[in-house]
Amino acid sequence: MNNIRKNHPLMKIMNNSFIDLPAPSNISSWWNFGSLLGACLTLQIITGLFLAMHYTADTTTAFSSVAHICRDVNYGWIIRYLHANGASMFFLCLFIHIGRGLYYGSFTLTETWNIGIILLFTVMATAFMGYVLPWGQMSFWGATVITNLLSAIPYIGTNLVEWIWGGFSVDKATLTRFFAFHFILPFIIAALVLVHLLFLHETGSNNPLGTSSDSDKIPFHPYYTIKDLLGLLLLILLAMMLVLFSPDLLGDPDNYTPANPLSTPPHIKPEWYFLFAYAILRSIPNKLGGVLALISSILILAIIPILHTAKQRSMLFRPLSQCLFWTLTADLFILTWIGGQPVEHPFITIGQAASILYFTLILILMPMASLIENKMLKW
């Protein structure tokens, strides 16, 4: 068995990636989220596959097919709610995973980091298109509002929107293509994950100290397989509490009303994991400006390696940067809250202040704090 594991062409790759992989001896539980994301992706692909067997991508039957899955299909309700809440779990792990990368300086592994950003965009696109499929009120109006943002692009905007819609409004053609893309994208994500891991294993993992891990490595199995398993059990516990006790906690009641192009919901909002970006979008009165701010709020991650001015890689021994990091975290919570509120006073002002703070922290305050900490090292 030992020989097969180390010599067989396919087994050898698996062995070098998950069993005999040299891993830093001091990585904490914040490093668990990569494997949890893999588990989430697997769950989403499996549950999605079973949902696709019963779903119909047609405007007249989409809503009733989802109702049919919940009522008539054996365990259809749990598959549907696992898929819906699995997306929330996915984004929760994703945000923590990115936060850990920022805190411990993992963005210095630029290839891995950049593939991660591409993965983030792809997952966001997949989640958005998945939200449209049940064809409830929020599905329809969410699709209309978000796709309409592309019309802010000069010259080609309107044509681009109509091209995406497949007509002059969100209709059957839009739903069909969104289903097709929603089905194929998770497999593209899985391929990108392999590239992400490929680049990571070229350099090896970072560790909480931000120092080179070469001096002390341990095999991934059994140490980190057991550790990841504990994380997985906790994730399953959280997911099951959501699915079995309050499956609609993170959803929108409006999505239990079939899509009606003639009646607009009082407050159009996306799922909770997009609310921070939605708040930034709404905080700018100009349409093009809002769209640019929305894209920048995520694309800003790409320039973080350039903005890294500190002499130390990790924030572990940098109190000023730590303080700003947690301020940024709090700011993102505020933006998430504001994104779910109606557009009225005082929410508009709070949203604008939080949006300005978000960009100021990343672009100005954090690099400045790092420079001050560099000076403090000499004292």
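Glycine is no exception: its Cβ is also placed from the backbone N, Cα and C atoms.
Annotated in Swiss-Prot:
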type: TRANSMEM; residues: 33-53; note: transmembrane segment
type: TRANSMEM; residues: 77-98; note: transmembrane segment
type: BINDING; residues: H83, H182; note: heme b b562 binding site
type: BINDING; residues: H97, H196; note: heme b b566 binding site
type: TRANSMEM; residues: 113-133; note: transmembrane segment
type: TRANSMEM; residues: 178-198; note: transmembrane segment
type: BINDING; residues: H201; note: ubiquinone binding site
type: TRANSMEM; residues: 226-246; note: transmembrane segment
type: TRANSMEM; residues: 288-308; note: transmembrane segment
type: TRANSMEM; residues: 320-340; note: transmembrane segment
type: TRANSMEM; residues: 347-367; note: transmembrane segment
Please give the sequence-distant neighbours of the transmembrane segment (33-53): residues at least 6 beyond its ends with Cβ less than 8 Å from one of its Cβ atoms. 69, 79-80, 82-83, 86-87, 89-90, 93-94, 96-97, 100, 182-183, 186-187, 189-190, 193, 228, 231-232, 235
Are the transmembrane segment (113-133) and the transmembrane segment (226-246) close, by which I mean at least 3 Cβ pairs under 8 Å that are 6+ residues apart in sequence? no
Which range wins on Cβ pairs under 8 Å with the transmembrane segment (226-246): 77-98, 288-308, 320-340, 347-367? 77-98
Based on Cβ pairs under 8 Å, which of the stretches 77-98, 288-308, 347-367 lies most in contact with the transmembrane segment (320-340)? 347-367
For H97 (heme b b566 binding site) and H182 (heme b b562 binding site), the CA-to-CA distance in whole Å is 23
For the binding-site residues H182, H201, which one has its C-beta crowded by the most other C-beta atoms within 10 angstroms? H182
Rounded Cα-Cα span from H182 (heme b b562 binding site) to H201 (ubiquinone binding site), Å: 29
